[in-house]
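If you scroll down you'll find the structure; I have some questions about it.
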Amino acid sequence: MLRTHTCGELRLDHVNQEVTLAGWVQRVRNKGGLIWVDLRDRYGVTQLIFEEGSTDKALLEKAADLGREFVVSASGTVIERTAKNDKMPTGSIEIKVSQLEVLNAAKIPPFIIEDETDGGDELRMKYRYLDLRRNVVREKLQLRHRMMQETRKFMDGQNFIEVETPVLIKSTPEGARDFVVPSRTNPGEFYALPQSPQTFKQLLMVSGFDRYFQIVKCFRDEDLRADRQPEFTQIDCEMAFVNQEDILNTFEGLVKHLFSSVKGIDLGYVEHMTFADAMKYYGNDKPDLRFDMKFVELNEVAKGKGFGIFDNAELVVGICAKGAAEYTRKQIDELTEWVKRPQIGAKGLVYARYTADGNLKSSVDKFYEVEDLQAWADAFGAEPGDLMLVLSGDAKAVRKQLSELRLRMGEDLGLRDRTKFKPLWVVDFPLLEWDEETKRYHAMHHPFTSPKREDIPLLETDPGAVRANAYDLVINGVEVGGGSIRIHDRATQQLMFTHLGFSDEEAQKQFGFLMEAFEYGAPPHGGIAFGFDRLCAIFGGSDSIRDYIAFPKNNSGRDVMIDSPSTIADEQLKELSIRVSLEQK
Ligand code: ASP
């Protein structure tokens, strides 16, 4: 080895030892006859010292010539520092260097490689390999590594077998567009990259594997956001001979194991909530339960008092922000403007303050007497000091708007603490979702999800009301996992495809292999997949999954470091029998 120790290792106990360290020059401080160099590797930073008198001249000059990010090896004696730095684990010692070798010089890096950097996003992405030298970035990948190891440990301990499934496949419908890969040996034909290994893991159940998992890359061509990347990682799982409760228990176990082993946190009780309740009380299928602020419906108490906007609305619904009665007029106006932005689309915002001295004042005092407002306050369970915020309109739209407002108020009032974790199982999702654009039903989860047996007759009469054996795990308002109990017989699967508007031929062409497998002894089965990058981001207390991916893509799906996607050589196109002619969009 080119080193005897790492740069994070030496302490007072090592004083007087002869050591060799290797790493990157983080900083050089040259005080004339005295030079300090901070040497960094992935384990830490150790200070090197070169001193006129006790260090020979040539060595002193060599040290003075070191530039940032030079790769060097330094040998010398560990000595006790006179001025100790208790912020650094190695801050009590330094190395009095007797030999210095420059292993590789470095150009001046385009940004400062320290916790606080001057590099913008795009620049750091272009030089991601330099960004990854920074502690704050490296630590995120270390967290990811730990979570991966703990996942494997837990799953192996529960008898799950990790099986790799192919990457060149054909379309798996998870609701996004496919990335496709042309086949050279089958001109004019394409593979699709898996949106998930869904059909393969089901086939593994037919094969008798019983308990499968895989930490696997999935690919979805959709618009990007902070919590989306075109390629991302799932902890993908499937089990046979289980019901929904078994799956929830097993994977609650996984998540609890990760929290306790990686963060030392006991996650505690995981609440269950139906999709219908989540929508009714939080306007959202992934409610953030770190704070309460449940929706309260006010039709009974707010309609019929001559306020046309409420009278004509399908739903009048509000939230009570505890302790926010002090909000100034200006703050409330600002909130009103905020909910009226097109992204949220509310028509307006009605408020009622329950002042600390017990008075009720609202923005609609013209229509409501104090007794009326008291009825609102009672419905909310409001107390003096609270602020009631009310929206109205079409039920579905208004719930969505209020959900945004609730999250905003939670943020404003400091209720979304990143160090707190509130998990929730959302269950009983609808099987189908009506799509206005295509005027047909889509599978809300995916087409392999089974309907609740008692709801099957509704498929004919009221398809939108059919509930599925489908569930999501939500933590702090983020969907971290989702799955379902699957259909495992041909007839039901075929029926499902029919309801999704597939002709028999189309269904056969795309998923005949799966339906056929169901005819050869398919056990009842179900599963779940966790968005691994999101889970890492939550553990790390961050909104962006990008930080937890070694080489992520930017918002337009580009890797600016390797400059991809890019055109390919004519020769390659020819081999693929492809001619490119781009259409104007
Ligand atoms: N394949 C599903 C997904 O990617 C998960 C599952 O149903 O197990 O969301």
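Every residue, even glycine, has its Cβ placed from backbone N, Cα and C.
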Just to be sure I read the record right: R220, D221, E222, Q229, G531, F532, D533, R534 are listed as binding ATP in TrEMBL. Which of E164, E271, E479, E583 is listed for the same site?
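Only hit among E164, E271, E479, E583 in TrEMBL's ATP site, alongside R220, D221, E222, Q229, G531, F532, D533, R534: E479.
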Of the candidates E162, E174, E383, E404, which one does TrEMBL list alongside R220, H445, R486 as binding L-aspartate?
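It is E174, as the record lists it for that site.
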To which of the residue ranges 86-89, 198-201, 230-233, 522-525 does TrEMBL assign the term region 'Aspartate'?
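That would be 198-201, the stretch labelled region 'Aspartate' in TrEMBL.
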Tell me, how many other CB atoms lie within 10 A of the CB of R486 (L-aspartate binding site), whichever protein chain they belong to?
26
Compute the C-alpha separation of E479 (ATP binding site) from R220 (L-aspartate binding site), stating it in Å without decimals.
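Approximately 17 Å lies between the Cα of E479 (ATP binding site) and that of R220 (L-aspartate binding site).
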Tell me the Cβ contacts of H445 (L-aspartate binding site) under 8 Å, same chain only and six or more apart in sequence, or just say none.
F429, L431, A468, A470, G482, G483, S484
Which of R220, R534 (the binding-site residues) has the most other Cβ atoms within 10 Å?
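Compared across R220, R534, the most Cβ atoms within 10 Å surround R534.
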List the binding-site residues E174, R220, F532, R534 whose Cβ sits under 6 Å from any atom of ligand 1, in sequence order.
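Result: E174.
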Out of E222, F532, R534, which of these binding-site residues is nearest E174 (L-aspartate binding site) by C-alpha distance?
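Answer for the nearest of the binding-site residues: E222.
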Roughly how many angstrom lie between the C-alpha atoms of R220 (L-aspartate binding site) and F532 (ATP binding site)?
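On Cα coordinates alone, these residues lie 15 Å apart.
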